[in-house]
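K.L.:
These came from Swiss-Prot, pasted as-is:
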DOMAIN    2-75  domain 'RRM 1'
MOD_RES   Ser12  phosphoserine
MOD_RES   Ser73  phosphoserine
DOMAIN    81-156  domain 'RRM 2'
REGION    160-190  region 'Disordered'
MOD_RES   Ser181  phosphoserine
DOMAIN    195-260  domain 'KH 1'
DOMAIN    276-343  domain 'KH 2'
REGION    310-324  region 'Sufficient for nuclear export'
DOMAIN    405-470  domain 'KH 3'
REGION    485-495  region 'Sufficient for nuclear export'
DOMAIN    487-553  domain 'KH 4'
MOD_RES   Thr528  phosphothreonine
Amino acid sequence: MNKLYIGNLNESVTPADLEKVFAEHKISYSGQFLVKSGYAFVDCPDEHWAMKAIETFSGKVELQGKRLEIEHSVPKKQRSRKIQIRNIPPQLRWEVLDSLLAQYGTVENCEQVNTESETAVVNVTYSNREQTRQAIMKLNGHQLENHALKVSYIPDEQIAQGPENGRRGGFGSRGQPRQGSPVAAGAPAKQQQVDIPLRLLVPTQYVGAIIGKEGATIRNITKQTQSKIDVHRKENAGAAEKAISVHSTPEGCSSACKMILEIMHKEAKDTKTADEVPLKILAHNNFVGRLIGKEGRNLKKVEQDTETKITISSLQDLTLYNPERTITVKGAIENCCRAEQEIMKKVREAYENDVAAMSLQSHLIPGLNLAAVGLFPASSSAVPPPPSSVTGAAPYSSFMQAPEQEMVQVFIPAQAVGAIIGKKGQHIKQLSRFASASIKIAPPETPDSKVRMVIITGPPEAQFKAQGRIYGKLKEENFFGPKEEVKLETHIRVPASAAGRVIGKGGKTVNELQNLTAAEVVVPRDQTPDENDQVIVKIIGHFYASQMAQRKIRDILAQVKQQHQKGQSNQAQARRK
C-alpha cells in the first residue's frame with residue numbers, strides 16, 4: 001500500500017516538477033516518478049509516508065494551476081472489497097459512522113488508521129465488490145459534520161493472494177503473505193499473546209521533563225523498570241495532555257508509573273504550575289463497567305483501600321477517535337500508585353475474560369471480527385487482534401453448511417424501546433441490516449410492564465452483532481447508570497429432551513457453566529414444553545458472559561443432536577444387516 005497514484009496533472013508536468021513539490025513539503029519518496037499523460041506513479045518508503053503524502057497534497061496543493069489528487073495506487077485486480085475513508089470528523093461517534101457505512105452493504109471489517117492529521121481515517125471491508133463500488137460512489141465527497149469525506153480503493157490482500165481451496169491464483173508466490181495460516185478443522189489455534197499496556201495521560205508541559213535532556217530520563221525509567229515506553233507527542237497537536245503507553249509486566253508498569261508521577265510532582269513544584277498533579281489512567285470503555293462494579297462497589301473499595309479519590313470521565317466524551325475513558329486518581333503519590341495497581345488488576349482481568357470469550361467466538365463463528373461488530377474498535381492498543389487474523393479462519397464458504405438459524409429473546413427496559421427502534425424505525429432497520437438478522441419487539445405483556453422482549457432471529461454471528469449493539473445502545477443512552485454494568489436477561493429455547501443435559505447430574509453442568517461464564521443460568525423446573533416441544537433457558541449477565549453461556553449451551557445441544565443422529569444411523573445399519 002506504499003505506491004501512490006498522482007492524478008489531475010497537466011500534460012507538461014515532468015518528474016523534476018513532482019520531485020520539487022515533494023521536496024518543498026518534505027515528503028519522502030523512493031525511486032523515480034513514473035509520469036504518464038495527465039497522471040503519475042511514485043513509491044513511498046512505507047505506509048506512514050504514503051498516508052502523509054495523501055493528507056498533505058490531495059485536493060490541497062496546486063501544480064501548474066491544477067490541484068493534485070493523490071491516492072493509493074491499486075491494480076484493477078485488487079479493486080475488490082476494501083476502501084479507505086479519510087477526513088472523518090474526529091469527534092464522530094462510532095455508531096454514526098457504522099450506520100452510514102451499513103447503508104451500502106454488510107461491513108465485514110472497519111479499522112482505524114493511525115495518522116498525524118486531526119481528522120480520522122478508517123479502512124473498511126465490505127462483503128462484495130458491488131457494495132464497495134456503491135460505497136465509493138455515494139461516500140466520496142459526502143458531507144459529514146462540515147467535513148467532505150474522501151474515499152479510495154486500497155489493495156485487497158485476499159485478492160493479491162489469489163483464490164484458495166486448492167485453485168491456482170494469478171499472483172503466484174509473489175502474493176502478499178497471509179496474516180495467519182489456515183488452521184486444520186478441529187486443530188487448536190495458537191492464540192497470539194498480547195499484553196495490555198498501562199496508558200497514562202500527562203499534562204503537555206511535563207512531557208519534556210519525563211523525556212529528559214536527549215532522552216536521558218526516559219531511558220533511565222525504561223532501564224530500571226524493564227519496560228518499553230511510548231510518548232505520543234505528535235498525536236492531537238496542541239492538546240493540553242499527551243498519552244504515554246508503558247509496555248511491561250504489571251510490576252514494571254507500576255514502577256514506571258511511580259517514577260513518572262514523581263517527576264511530574266517535582267516539575268510542578270519547581271515551576272509552581274500546579275498545587276496537585278493527579279494520576280490519570282486511560283482504559284478502554286469496554287473494561288470500565290467491570291472496574292466500577294455493581295452499584296460502584298469495586299471502585300468504592302479501591303478508594304477505601306488506597307485512601308484516594310477516583311473519578312471516571314463521562315461516556316459522552318467517547319468519540320470515533322477516542323474509545324478510552326479517563327480514570328483520575330487524586331491522593332498522595334504512594335496511594336495513587338497503589339490505586340493504579342488495583343485499577344489495572346481489574347482492567348487486566350476484564351481483558352483476559354474478553355480474550356477467552358473472543359477465542360471461543362473465533363472457533364464457533366468463523367470469520368467473526370469484533371472490530372466490525374463495533375465492540376472493540378481496532379485502533380485501541382488495549383484490545384487483542386481479531387480472532388480471524390490470528391487463526392486464519394475463513395468466512396462461511398459455499399461448500400460449508402450454512403449456519404443454523406437461532407431465535408433469542410432479549411429483555412430490555414420498557415423505556416428503552418424508543419431508543420432501539422429509533423426515529424421512524426430507522427435505528428432498528430439499520431441494526432437489522434448491519435447484523436443480517438430479523439429483529440422484532442414484542443408487544444408488552446401488560447400495560448405497566450417494566451421490560452419488553454426483543455426477538456432476534458439469525459445465525460450465531462448475527463446474534464453476536466445484534467445483541468452486542470443492543471447492550472451498547474442501552475449504555476450509551478444512559479438507561480444504566482455511569483457506575484452500573486449492563487446486565488440483561490436472555491431466553492433461548494432448547495428441546496425438552498435435552499434440558500437434562502444442560503442441567504447435568506445434580507446440576508453439575510449448569511454450575512460449571514455459571515462458573516465458567518460468570519453468567520446466571522437458570523432452567524426453570526416444571527416447565528410445560530411449547531408446541532415445538534421446547535423449554536426456556538434463562539441467561540442473565542453482561543454481554544460477554546451472556547454470549548459465552550449461549551455458545552456453550554448451543555455446543556451441548558449440538559453434541560446431543562450428533563449423538564442422536566449417530567444412534568439413528570447405527571440402528572439403520574443394524575436393520576440392513
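Quick reminder: no glycine exception, Cβ is built from N, Cα and C everywhere.
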K.L.:
How about long-range neighbours of the region 'Sufficient for nuclear export' (485-495): same chain, 6 or more residues beyond its ends, C-beta under 8 Å?
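P.N.:
Distant Cβ neighbours of the region 'Sufficient for nuclear export' (485-495) are 289-290, 292-294, 406-412, 451, 467, 470-471, 474-475, 502, 530, 532-543, 546, 550, 553-554, 557, 560.
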K.L.:
May I ask which of the stretches 81-156, 195-260, 276-343 has the most CB pairs under 8 A with the domain 'KH 3' (405-470)?
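P.N.:
Between the candidates 81-156, 195-260, 276-343, the best contact partner of the domain 'KH 3' (405-470) is 81-156.
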K.L.:
Let's check the environment of Ser12 (phosphoserine): how many other CB atoms sit within 10 Å of its CB?
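P.N.:
Counting Cβ neighbours of Ser12 (phosphoserine) within 10 Å gives 7.
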K.L.:
Looking only at Ser73, Thr528, the modified residues on record, which one has the least crowded Cβ, with the fewest other Cβ atoms within 10 Å?
P.N.:
Thr528
K.L.:
Quick one: average pLDDT across the region 'Sufficient for nuclear export' (485-495), no decimals.
P.N.:
91
K.L.:
By DSSP, how many residues in the domain 'RRM 2' (81-156) are helix, how many strand, and how many coil?
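P.N.:
So the domain 'RRM 2' (81-156) is made up of 20 helix, 29 strand, 27 coil.
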K.L.:
How many whole Å apart are the CA atoms of Thr528 (phosphothreonine) and Ser73 (phosphoserine)?
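P.N.:
Between the Cα atoms of Thr528 (phosphothreonine) and Ser73 (phosphoserine), the distance comes to 63 Å.
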K.L.:
Sorry to bug you, but what's the C-alpha spacing from Ser12 (phosphoserine) to Ser73 (phosphoserine), rounded to the closest Å?
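P.N.:
Approximately 22 Å lies between the Cα of Ser73 (phosphoserine) and that of Ser12 (phosphoserine).
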